[in-house]
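Read through the structure below, which is laid out as structure tokens, and then see the notes.
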Amino acid sequence: MDIQWFPGHMRETKELLIKAVAKADVVMEILDARIPVSSSNPLLDTICKNTLRLKILNKNDLADPETTQLWLDHFNQTTATTAIALTGTQSNETWRAADLCLTKVTKGKARRVRVMVVGIPNTGKSTIINTLAGKKVARTGNVPAITRQQQRTELKNAVDIYDTPGILWPVMDEKEQTYRLAAMGAISDIAIDYTEIACFTGALLMETYPDLVSRRYRLSPPLPREGIALLEAIAAKRGCLRKQGAVDYQKAAEIFIRELRAGKIGRISLETPEINFPSTTAHPLETLENI
Ligand SMILES: Nc1nc2c(ncn2[C@@H]2O[C@H](COP(=O)(O)OP(=O)(O)OP(=O)(O)O)[C@@H](O)[C@H]2O)c(=O)[nH]1
Ligand SMILES: [Mg+2]
């Protein structure tokens, strides 16, 4: 599954981010708590060098709580950026984040504080803003690219919060990262191959959360280890068969991905700090500075 990107996109993306960040007192980077590495945009590391930044691990209600704690420890103890986890629809949790922004910059600021909410598509930026506003000020939806333009909302704590369109970072040459983003709904469904993504994610989950998957699909030993065998087992349980009894892999894959995204399999994380955080190696995107 190849997703094509061209230098034009890269330049445009970088310019959009630079413009948005230049206006901000604080940047709230909204990550998907289940994939904090794949859902981050490494361009922010360079663009936010002189701007306060807060990492929000959103969709915490869908992520493995133990792994989220490991991520928080990782970000808070080994990087200069403060990280907190929350569920975007929970008022008290989102306000904790908004108030944190305020406490970080109020010193010496006579005017309202500007908070820019940025992140890749579908991580819950607009949802968080709606929760903070206490009403629906921004359109939300469980497909990427819902927000199309920047939008300012005045919050009651002297913060002006800006919603921005989700921007997918432009170098996706790491296949597994693309799979994780697709599995969590950050890439348009039109551009993805469900069976391929379900096979990758299924095999990963059978390694990391075999009990949750087995319980959801009532699997009995010997448990499938390969993604394709898992899809066959799901197809058998859910009647995903074509004429003459052939397995309908596409249908089984769609069921699996839909239920995974909705948290029906359980609270899962697809990345852990030990395995995924490239702390010792230079990130490929660092080269984008020269574009
Ligand atoms: N379970 C759960 N769902 C959430 C959470 N936050 C947002 N969502 C859902 O995630 C989907 C995407 O939310 P949006 O707020 O539209 O995401 P966005 O980042 O603004 O997306 P774009 O505008 O496309 O970049 C919606 O279906 C939300 O209901 C959360 O904390 N938990
Ligand atoms: Mg949005």
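Just so it is clear, glycine is given a Cβ too, placed from its N, Cα and C backbone atoms.
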*TrEMBL records N58, K59, N60, D61, N122, T123, G124, K125, S126, T127 as GTP-binding residues. Which of G166, G202 is assigned to the same site?*
G166
*Counts by DSSP class (helix H/G/I, strand E/B, coil) across the domain 'G' (114-177)*: 12 helix, 14 strand, 38 coil
*Please determine which of the binding-site residues listed here (N58, S126) has the lowest count of neighbouring CB atoms within 10 Å.*
S126
_By a 10 A CB contact count over all chains shown, which of the binding-site residues listed here is most packed: N60, N122?_
N122
*Greatest CA-CA distance (Å) over the residues N58, K59, N60, D61, N122, T123, G124, K125, S126, T127, G166 that the record ties to GTP?*
21
_Of N60, N122, S126, binding-site residues neighbouring ligand 2, Cβ under 6 A_ = S126
_Cβ neighbours within the same chain of G166 (GTP binding site) - under 8 Å, at least six residues apart_ = G119, I120, P121, N122, T123, K125, P144, A145, I146, T147, A186
